[in-house]
Amino acid sequence: MQTTLEEPVDRLFLPSSSPVDRGQRRRAFALLLLLVGALAATAPYATIALTGTGILLPAYATAVLVTDLMTAILLVGVFTVERSPAVLLLASGYLFAGLTVVPWALTFPGAFAPDGLLGGGLQSTAAIAAVRRLGFPLCILGYALMARPGSARGTWRGPVPSAVAASIAAVFLLAVAVSWLALAEQGLLPALMTSRSQASALWDLVPGAAVLLCLAGLILLWRRGRCVLDLWLMVVLCSLLIEILLLAGLSGGRFSLGWWAGRLYGLIAASVVLLVLLSETTILQGRLARSIAAERRGREARLSTLEALSASIAHEVNQPLSSMVTNADAAVRWLDRSPPDLAEVRAALSRIAEDGHRAGRIVESTRATLRRGRRERQPLEVNALLGHVAARWRDDLELDRVSLRLRLAETLPPVAGDPVQLEQVLCNLVGNALEALRGVDDRVRSVEIASAPEGERAVLISVSDNGPGFGPADGERIFEPFFTTKPDGLGMGLMFCRSVIEAHGGRLWAEPGAPGARFRFTLPAESGPVAEAGR
């Protein structure tokens, strides 16, 4: 089935609109072959009389009643979703066939009583059977006409319960009217039967008309043939044609082998759509369960992403905020001196202002990362950026008696990137090194920042320390969200660093030192001559 843009996507899961796949076509064809094979096996013995089998008729009628009513209920459920009048008409046809099988069985001679119940005459059962024989394929034909592409099928715009209630009431009244006419107005009935077991020549018109209706329905459904329901309705009509052939042409009258075989085909015809609807309902329930599970996983992933994002923002903004608090405390101490050291106060306030601007740049950089599209990058002097980060951390490192060494290459390939994000990455790595060294007191503590060309296509940058390092099993885990070895850590810094470097087309990894840890990352070089590295 070719789906247009105007067709709602959810309707594609309904049997009345879902496309037919190759497997369903194979199953339908296999069932038809089985039915034709059963017909060929039954035909030579169709005239054999099976006396005393009338007691089985109530069981047959009950089975038809149950299957037709269940099919009608499921089709009404499809109508409530799709709001297609064609589907509602088909449901009405199944409901009518199910309701009229009751008076047909009760008036059937030899089933409940020799002359039947309800006071019916010789023509009562045949008249009800004729209406059933013509009414059901007529409803399928109406469905095919209303559901045909290009027809004014439309969609039911009114209240769905009102449409369903009106249809049920109309079908019930029609079934009552047919039963009353067959029982109370027998003088108006045509002479369809000559005896309890033999039909008249007039009856031959009924199967002929039913065959024409079935063939017309088959042609329309074949030409439409776009959904699962259409395919299996064609199987139903083929079953009805075989039933008509057995009952009207090959059987030896009522309660013969051919007659019972035809009734079996009728039961199969009543069951096909029911089984298809039950199967499609089960499949739909499975799809719904998988969809709900996928939606739940997606919601949990979104919540986890939001949690990671908030933790990442808190982690990144916390550094300039902590620096602002430290400089503010220092400014207060310089003011408390007698006389106040205004030069130091001015320097502290300048650092506070710089940290405030840095926090703003971090927030803006995070917003840019979340926006669709790529953040605009600019040419970078890698060594100048490393020197700027070293100057920012020099006071903190000296305060903790940690030596800082810069080992910068003289020439580096030209690199383009987001300076704010790369500065955040370097500050994270230097800050982690400083925190790792605070528990070391048996050796001179040091941090090294280095740059080097990685061939002609990349720049290699490393931040290393001689602290306690990390275990072999933690080499990749330290980049996972919420994994941290620090008691007050959030476990987001290294994940953020890796995501930024990978967004720049590079790679970030960690190596154990001897002692300590070394974090390295690469940045791809732009095409162009090697640039002189500023120091």
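Positions of Cβ are set from backbone N, Cα and C atoms, glycine also.
Taken verbatim from TrEMBL:
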{"type": "DOMAIN", "residues": "312-527", "note": "domain 'Histidine kinase'"}
{"type": "TRANSMEM", "residues": "28-49", "note": "transmembrane segment"}
{"type": "TRANSMEM", "residues": "55-79", "note": "transmembrane segment"}
{"type": "TRANSMEM", "residues": "86-106", "note": "transmembrane segment"}
{"type": "TRANSMEM", "residues": "126-146", "note": "transmembrane segment"}
{"type": "TRANSMEM", "residues": "158-181", "note": "transmembrane segment"}
{"type": "TRANSMEM", "residues": "201-222", "note": "transmembrane segment"}
{"type": "TRANSMEM", "residues": "229-251", "note": "transmembrane segment"}
{"type": "TRANSMEM", "residues": "257-278", "note": "transmembrane segment"}
Across 28-49, 86-106, 201-222, 229-251, 257-278, the most C-beta pairs under 8 Å with the transmembrane segment (55-79) come from 86-106
Over the domain 'Histidine kinase' (312-527) the mean pLDDT stands at 82
For the transmembrane segment (257-278), out of 86-106, 126-146, 201-222, 229-251, most C-beta pairs under 8 A are with 229-251
Relative to the transmembrane segment (28-49), the stretch among 86-106, 126-146, 158-181, 201-222, 229-251 with the most Cβ pairs under 8 Å is 229-251
Do we see three or more Cβ pairs under 8 Å linking the transmembrane segment (158-181) and the transmembrane segment (86-106), pairs being at least 6 apart in sequence? yes
Tertiary contacts of the transmembrane segment (229-251), defined by C-beta under 8 angstroms and 6+ residue spacing from its ends, are 15-16, 20, 24-25, 28, 31-32, 35-36, 39, 42-43, 46-47, 87, 90, 133, 136-137, 140, 143-144, 147, 203-204, 207, 210-211, 214-215, 217-218, 221-222, 257-259, 261-263, 265-266, 268-269, 272-273, 276
